[in-house]
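In case it's useful when we look at the structure, here is the feature table from TrEMBL:
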type	residues	note
ACT_SITE	Tyr54	active site, proton donor
BINDING	His110	substrate binding site
DOMAIN	21-282	domain 'NADP-dependent oxidoreductase'
SITE	Lys79	site 'Lowers pKa of active site Tyr'
Amino acid sequence: MTNYYKPVNFILKNNRAIPQIGFGTWQASDEDTYNSVLLAIESGYRHIDTAYIYKNEEAVGRAIKDSLIPREEIFLTTKLWNTFHTNPRAGLEKSLRNLGVDYIDLYLMHHPVALNPDYGVDRPRNADGTYEVLKEWTFVKTYHLCQEFLANGKIKALGVCNFTLKNLKILLNDPATKYIPDVVQNEIHPLLPQHELLKFCSSLDIVVEAFSPLGSTNSPLFHLKEIVEMAEKYKVTSAQILLSWGVWRRTVILPKSVTGSRIKMNFEGLVVLEDEDGNKLDLLTEKYGTKRFVDPQYTANVYKED
Ligand code: A2P
C-alpha cells in the first residue's frame, strides 16, 4: 500500500512555522495566478511564493484576500528584484503595495546581482546585449540594508535566492552580517541536488527551499528511466516522485502549476520514499551529470563556484 506523505511545517530560526510544501507562481499570467493561488489555498497550501519580477504580486494578494483565510495563516514569500539592490526599501514598499499586505513572512534577495536602476526597466542591457550589472556594488551590502527591515516587522524572515555555497560563505563571513539568513532558495531537483549546500545549511539551521523541483517547463526529468521506474513502483507519476524526493531530503519544495488536478496532486499525492530510493535519486548526477534549467546569465560568478 502506498504510504502518502502528510504535509508538515518546519520551524525557522525566528521560531515561525514554514509549511514544507509551498506553491510556486513563476511564469503564470495574472488570471492564472489568481485562479491557481485560490485553488491552492482551497486545496490546503498555506505557503505561497512569488516575486516582484513575476509581475503577479497583485493577483497573489487578491487571491489570498478572496480565499478568506486569515492573513496570519498564510506564509507569504516575495523577492527583492535586482534593480532595487541599492534601494531595497523601495523594492519592499512596492511589493507590500502590490500584494496589499502589511508584512511579508519571508523576503528573499532574488539574485546576488545588482542591476542598474537608472533606466527604470527591470532588465537593463548594455549595447552588446549583456545585463548592465552595477560592478561597484555587492550583494553583501544589499543584504545588510535588508537586515534593517526585520526590526520594523515589515518582514518576518530574511533569506537569499540563487546563492552558491561560495557566495553564501562570503555573506556569512562578512563582519557586518548580523543575521544569518533563515532560508536559501535555489533551483534543486535530482540533476541539481546541491548536496554540499544542503549539508552546510543544515549545520546552521538554514532552511533550504527548492524552486523548479520538477525541472521547470517541459521537464526532461519526467522521462528519466530511474524516475519512471520508481513511479511505477509507488504507483504514482514521475512528478510525484520528484516532489517526494524533495520532501524526503527535508527541503521545502515550491512546485508551480496552473492546472487544478496537478495543484492538488502536488500537495496531497506525495509519498514517503524508502531511504534506499531517496539515496538512489541522490546519486542520479553520477549517471546523467548536473543540469540547470533556469539560468538568466547575468554574470559568470552567479552560479560558478570559481
Ligand atoms: P502547468 O503549470 O501547466 O500545470 P517547476 O515547479 O519545476 O518549475 O515546474 C513547473 C512546470 O511543471 C509547469 O510547466 C507545470 O505545468 C508542470 N507541472 C506542475 N505540476 C505537474 C505535475 N504534477 N505533473 C506534470 N507537470 C506538472
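Using the three backbone atoms N, Cα and C, a Cβ is placed for every residue, glycine included.
Help me picture these features in the structure, burial and contacts included.
Cβ neighbours of Tyr54 (active site, proton donor) (same chain, under 8 Å, six or more residues apart in sequence): Thr25, Trp26, Gln27, Ala28, Thr33. For the recorded site, Tyr54 (active site, proton donor), the DSSP three-state label reads helix.
In the three-state DSSP assignment, the secondary structure recorded for His110 (substrate binding site) is coil. Within the same chain, residues at least six positions away from His110 (substrate binding site) with a Cβ under 8 Å of its Cβ are Ala51, Tyr52, Ile53, Lys79, Leu80, Trp81, Asn82, Cys161, Asn162.
Around the Cβ of Lys79 (site 'Lowers pKa of active site Tyr'), a 10 Å sphere holds 27 further Cβ atoms from the protein chains shown.
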